[in-house]
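Features reported for this protein in TrEMBL:
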BINDING   B:10, B:11, B:12, B:13, B:14, B:15, B:16, B:17  NADP(+) binding site
BINDING   B:107  NADPH binding site
BINDING   B:192  L-homoserine binding site
ACT_SITE  B:207  active site, proton donor
DOMAIN    B:356-435  domain 'ACT'
C-alpha cells in the first residue's frame, strides 16, 4: 500500500478526541477511501497531564509544541480544532505557507481573517478546507463551493446557532421568557457558562460571513455582518409571532441586492425574525441547524442536521481530511478561493426588510390615521393592520392594540418609523418590533 | 485567457434547452469559476427542424449525428440529457473510453449499468459526474461521495420522486383516492401521460440504487432494489395513517444490516410507508424531494429541494460541468468510483421492517387472542394494539376494528403473518397493510 498521509492534530478537546476516536475506529475504511492509511504524526495539546480517559492514542504523540509539530517534515495535513484567533492564525498561516494542507473548524478565524488563510494556501499550494466551521456535520460548504457553481445564488437564510435555536424553541413551546429559557439551556448543556458568543449573535455572524463569502464569490468578514442577538426577544414577541401564525428564529441572512446606482451588492445580517410556520425553517427545532438556499435555477434548497457536538463536527472534519489527503496523493489542489465577484457589502440601513410592529394605543378616533401617517412620512408601505383590545389592558377600556405588518422597505426607514411611533402621544407603548422573513 | 473548455450536449429538450440558456446567460460567471470559457461545440438532437423558440444558439451547432459529435477531437466534455438505456450507454462508454469527461442526468442508465460507465471512465481517465440523476438540483451526491467520506452511513431514506409525492400529498390533503389524485397530477403537469415509471416506483428504484451505491461503497443496480409502487395505496390507508399521527410517503430506503452469519449487508427498497408527522420527511409536500441520511458520527442530516424540472436539473448539470471542466484544466480526475466495501445485497424477505395492519374482525371474545396467536407463530412481536368499532360498520354491531403495529421483524415473517390473517374465519377483511418507518 502507498505510504501513509500523516496528520498533525491541533487540539484534543471535545472535537479533537472524537477525531482521534474516528481515525482509530474507521482506519481501514478511511484508508480504502483515501487510497493510503491516515496516520497521526502528533497531537498538540495545552496540558500533557490531563486525563484523557480511554482515548485510543499513544501518549508519546502528545506535545505542547504546536508550532514544532506543524513544522515537522513528516506532517502532510494540519487539522486545527482549537478555535479562537490566536495562536491558531499563526499556526495555520505557517502550515499553509509551508505547503501543508489545512482542515479547520475555526469559524471565528475564518470570519476575522479568512483572506490571510486563503492567501497563505495559494502561496504554499496546499488545500484549505473548513466544512466543520458552519453548521457542524451538515455538508453545506462543499455544495456551495462546488455543486452550485453552475447556478446563481440569490439568498441564503440559515439557522446556524444551536444554542439560540434551543432557547427560542423553548420560549415558543412554554411561553417562558429569555432568561428562564437560557437557564434551562445552560442546565442541559446547550449553553456555555458564558453564553455571550451565542446569544449576542457573534457565532452566527461569523458563520454568516463564511456563507456569504462562498455564496457570492466575495470576501465578507465578520465586521461586514450586521448583528443583533436574542437577549431582547420577549415572551410578548413570541406571543405576537404565534398570533400571526409564525415563530421566531435567529436567522443569518445573506442576500444579493442592487443599490441606488444599480450596482449589485450583498447584505449580510444576523437578527431574530418572525417566519411563517409553513416555512421549511420553522420546523427546525431544538439545537438543530438548517440552511435554506434560494438559487436562480435550482430554486429552493434546504440542508438540515446537527450543528454542533463532538461527533458531528468530527465527521465534517474527517470528510475534509479524506478530501485533502486524496488531493495530496493525486498531487493536486482543490478549487481555491473564489472571490472574483467582489460585490460591495451594503450597510444594514439600506437592506430591504419587513417589520411587524405591535402597539398599545389610545382607543379613540383618528389614532389609526395618525399612526399610518408616520409610516407614510417614511415612505413605508403597510401590508396589514389588525386592531383589537390591548393584551393586559382589558378592563381599562381606554386602550387598543394595533398590529401592523409592513411591505419591504429600507431597514433605516423602518427603524425611523418605529422611533417616531415611540414618541407619539397616542402610542402608550411599542410592545413588539420584529423583522419578518420568509414570505409571510 | 485560457483556451475554452468545449462541450458536446446530447439532447435539447426541457433540461437541455435550460442548460443552453444558463450557459449563455451566465457565461462570464461560469468562465470566472472554471478559469476558462465554456463553449458549446455542438448539440445532438433527434430532429433538426423542430421549433426551438428563442433558444440562444447558432443553428449550425445542431446535428443528428451524436456519435460523430462525441468523437470530435475538439470536444472535452460530453453532457448527456437524453435519458434511457440505449443509445445513451453506447455514446457515453465511447466518450469515456476516449478520455472525455461525462456529465449525465441519466438515472436509468446509471442504475442499470453504472459499472460499465465507471469502468469506461477509469479506462479513459476522464470524470463521470451525475448529480442531476438523483433529486434534481439538490446537491446530494457530492456530499455522499465526498463530505461524508470520513463517516459511516447507516441508512438513507428518501422521497425522490416528485410525481408520487404530489399524488400522496393530494390524497392526504383531500381524502381522494389514488386514481383521482393521479388525474389531478396529470392535469397539472406533475404526471406524464404514461405514469408507470413514477407510480410503479421504477424511477425511485433507479435513484435508490444510485444512492445505495454511493452510501455503502458497493455496486447496487436497479435489479437489486425491492420495488412497490403507490397504485394500491387507498383512501382507507391514508385515513389509517392519519389516525396514527402519520402520513404516507413513497420512500426509497437503503439500510446497512447484518445477516444471520454476522456479515454486513445492505438492503435497498422502494415502497409506500407510514411515517410520523414529526419526522422531517413528513413535511416534504407536493413535488419536492428530500433525502434523510443517518450517519454514525454526523447523526441525522436532511437535504431538501426540487427534484425535477428543467431549470433545477440544469443547475445540477452545470455544477457538474464546472467541476469536470476545472479538473480538466488542472489535468486531474476527481475521486473515482468507490466500491471497495462490496456488501452483499440482502433480499427483501430478510430486511427488518415494521407493519401497521388494520383488520375488521368479528366482535366476540377470543378474537384478539386468536389474532395475536398468528403474530406469535411467525415470531412477530406486537408493539401496540388498538380496538374500536370498525369504520363503516356502525350499526351492524357484530364487527370490530383491530389496529396493530408490530416491532421490527423480517419482512417475510410479516408478510406471512398478514397472509395467514387473511385466511382466518374471524377476520372479515384486512383493511390496510402498510410498512412503518421513521420511528413511530
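Quick reminder: no glycine exception, Cβ is built from N, Cα and C everywhere.
When other Cβ atoms within 10 Å of the Cβ of the residue listed as 'active site, proton donor' are tallied across all protein chains shown, the result is 28.
On its own chain, the residue listed as 'L-homoserine binding site' has B:163, B:186, B:198 as residues at least 6 apart in sequence with a Cβ closer than 8 Å to its own Cβ. Cα of residue B:13 (NADP(+) binding site) to Cα of the residue listed as 'active site, proton donor': a distance of 21 Å. For the domain 'ACT' (B:356-435), the DSSP counts in helix, strand and coil order read 24 helix, 33 strand, 23 coil. It is 15 Å from the Cα atom of residue B:11 (NADP(+) binding site) to that of residue B:107 (NADPH binding site).
Cβ crowding, taken as the number of other Cβ atoms within 10 Å, peaks at B:17 among the binding-site residues B:14, B:17. Between residue B:10 (NADP(+) binding site) and the residue listed as 'NADPH binding site', the C-alpha separation comes to 15 Å. Of all the binding-site residues given, namely B:14, B:17, B:107, those whose Cα is no farther than the 10 Å limit from the Cα of residue B:207 (active site, proton donor) are B:107.
A sphere of 10 angstroms centred on the C-beta of residue B:11 (NADP(+) binding site) encloses 22 other C-beta atoms. Take the CB of residue B:13 (NADP(+) binding site) and look out to 10 A: across all protein chains shown you find 14 other CB atoms. Cβ neighbours within 10 Å of residue B:12 (NADP(+) binding site), excluding its own Cβ and spanning all shown chains: 24.
With respect to their backbone Cα atoms, residue B:14 (NADP(+) binding site) and residue B:107 (NADPH binding site) stand 16 Å from each other.
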